[in-house]
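Visitor: The structure is given below, and queries will be raised subsequently.
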Amino acid sequence: MGIDPNFDRNREVVDEENGVEVWGPTEPPEQLGIHGTHVAVDYDICIADGACLDSCPVDVFTWVETPGHPQSDRKVEPSHEAQCIDCMLCVDICPVDAIDVDGSRT
């Protein structure tokens, strides 16, 4: 099951990390929520293979450490989501559907 495309209606912002909104619920280190709004990454689904980071033509993503998370000890943060050009390469390449891009969400 991939990221909830309606997370902005079904969840609340519970925190901010590195200038990126975090949508709950969260209970670190096991449950980390969704990071980002325009470009959103569900950290609880992300397996951190780096495909999105490598494919992004405008470098939206950066690595962040997530020690203790059951999926992986690092994740891709949409640190530069304002640079996103909505090409959807990251959405298409993610093997676990952990990313959603929607320019109407800001």
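Here the Cβ of each residue, glycine as well, is placed from N, Cα and C on the backbone.
Whatever TrEMBL says is automated annotation, not expert-curated.
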Visitor: From C46, C56, grab the residue that TrEMBL records in the same [4Fe-4S] cluster site as C84, C87, C90.
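Guide: For the [4Fe-4S] cluster site that includes C84, C87, C90, TrEMBL also lists C56.
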Visitor: Over all shown protein chains, what is the count of other CB atoms within 10 A of the CB belonging to C56 ([4Fe-4S] cluster binding site)?
Guide: 21
Visitor: Tell me the Cβ neighbour count for C90 ([4Fe-4S] cluster binding site), meaning other Cβ atoms within 10 Å of its Cβ, over all protein chains shown.
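Guide: Around the Cβ of C90 ([4Fe-4S] cluster binding site), 25 other Cβ atoms lie within 10 Å.
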Visitor: Among the binding-site residues C52, C84, C87, point out the residue whose Cβ has the most other Cβ atoms within 10 Å, with all shown protein chains included in the count.
Guide: C52
Visitor: Taking only the Cα atoms, work out how far C94 ([3Fe-4S] cluster binding site) lies from C56 ([4Fe-4S] cluster binding site), in Å, as a whole number.
Guide: 11
Visitor: May I ask for the residues of the chain that lie six or more residues beyond the domain '4Fe-4S ferredoxin-type' (74-104) and have a Cβ under 8 Å from a Cβ within it?
Guide: 1-3, 5, 7, 17-20, 32, 35-43, 45-53, 55-66
